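Copied from TrEMBL, the annotated features are:
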type: COMPBIAS; residues: 7-18; note: compositional bias 'Basic and acidic residues'
type: COMPBIAS; residues: 19-29; note: compositional bias 'Basic residues'
type: COMPBIAS; residues: 38-55; note: compositional bias 'Basic residues'
type: DOMAIN; residues: 279-365; note: domain 'Xaa-Pro dipeptidyl-peptidase-like'
type: REGION; residues: 1-55; note: region 'Disordered'
type: TRANSMEM; residues: 105-123; note: transmembrane segment
type: TRANSMEM; residues: 135-154; note: transmembrane segment
type: TRANSMEM; residues: 166-187; note: transmembrane segment
type: TRANSMEM; residues: 199-221; note: transmembrane segment
Amino acid sequence: MAVIAPERPELPERPSRRERWKRRKRGKAGKPGSSDKHRWHARRGRRAGRPKRTPIRRRVLRRLGRWVGHRPVWRKPKPPLRFLPQATKVSAVGLLIVLAPGGTFLGRVARLLVIVAAALLVLRAQRGGAPRRRARLAAVVGLVDVAAGFGIGLPHASADGLSLRAMAGVILVVVGLPLLLASVLAYGRTLRRWLRLPVLVTSVVAAALLLPPVVAGVAAVNPPPALLDKLDPGDKGFVYDDVELHTSDGVLLRGWYIPSRNSAAVVLAPDAGMTRSNVLPQAALLADHGYGVLLYDPRGTGLSEGDAMDLGWTGERDIYAGVKFLAHHYGVRRSKIGVIGLGRGGEAAMAASVHDGRIRAVVAEGVGRRSPADTLRIPGTPTGWLQRVTENVEYATAAVLRGSLPPRSLRHDIRAMRPHKVLLVAERGQIRAGQLYRRTAPGTVTLWKLPDTPSLQAYATRIAAWEDQVTGFLQKNLRPHQVPMSS
């Protein structure tokens, strides 16, 4: 009788190296000795009877624990960006403080509601969110903090000192910068290793290109207050009046008026961030020649009401109010009114002369690009393309925050100014823009180039030349009565 040997059980096939790697990657390999690899070796008798070896990492930690007097505590890994809820709450409080001033009462209430609602939505989206979503939320919160902190908090801190608004802006910067960095690192951990470096480099380049113009746009809409100096025309030996101007949108402006002696008068428009005190020397020189001079504080600066803006998009309304005052003032003929503007005031003067026929002559010093349409005329060099991107991002940020569109291009305004005449004083960095505007209307624009003079310093560095150029231009176009110069 034949003896049938029992069948030998089939041993499981050893998984391939890729399969073992996948199981370890998924966290299903378990403890050492319990995986398919270790079971396969144990059934073959290769590890039979041997004690299980403790991983070297655990052995080192145990030894270190004995040295410090206690056993190491194994903790669960903490989620990425675990401080995001606290940072969001601090950011919301800081934004409420920084963005509270300015605007109407309804505007303040609307800002408060928007900030609170956005903070609640971010906090709700963080709960149980995937690492990538938490990283994106952290990037958004950090970007808002950095823009508000650098654009509002730090400029106000340098102008007003350590006020509550300035301190809130500093806190936003301290919270926003680490949050941006942590969001990039947390997002990189969710990617494959070969993608981490490209994502990091792209994030750094995008931040370097977009953050500065965004901060500049925020700062342009929320500039620090410009204060009035103690000097007035009386200190220069002139008789003057304190006047009030009412703009078409209901803003009250305050200024000085030096009466005219030659039947001609000019409106002196300061640059953004300036007050009437900053243009008092130019006003004194013009008054010596007999011109009536109206100096005013642009809206939101000095003693004037309203909201200031460094881009000067509402400067035409202030100039309209000044021209209206001169046109109805005794001693000034309507056909002998001019406007002299510095920087943004010069851009507003050219735009105002298109729609106000009472302006017969314009002197604009330090004029640049006022809108994206002007920026697009920059030459297409690498530097030109970079300047296009930064300026357009700045204008877009200001337009969104201001709730209004940018004004028309200066090229369009200069083309429509005929037959009015313009004297452009182009200093260092503004000659290319001046040449562009002169080519637009060669019969209207007279260009005075000062390549070695800093911006808005023509009067301070070349008083005699400034006097000859400006008074000669006004004499030719306004034709005032001849009067002796005051001593």
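Easy rule for this one: first residue shown is 1, then count along the chain.
Cβ coordinates are placed from backbone N, Cα and C, and glycine is handled just like the others.
All TrEMBL annotations are machine predictions without curation.
Tertiary neighbourhood of the transmembrane segment (166-187): same-chain residues 80-81, 84, 87, 90-91, 93-95, 97-98, 131-132, 134-136, 138-139, 141-146, 148-150, 152-154, 156-157, 160, 199-200, 203, 207, selected by CB-CB distance under 8 Å and a gap of 6+ residues from either end. Within the chain carrying the transmembrane segment (199-221), a Cβ under 8 angstroms from the stretch's Cβ atoms is held by residues 143, 146-148, 150-152, 155, 180, 184, 187-188, 191, 309-311, 386, 389-398, 401-402, all 6 or more beyond its ends.
Looking at the domain 'Xaa-Pro dipeptidyl-peptidase-like' (279-365) alone, the prediction's average pLDDT is 92. The residues of the domain 'Xaa-Pro dipeptidyl-peptidase-like' (279-365), classed with DSSP into helix (H, G, I), strand (E, B) and coil, number 35 helix, 18 strand, 34 coil.
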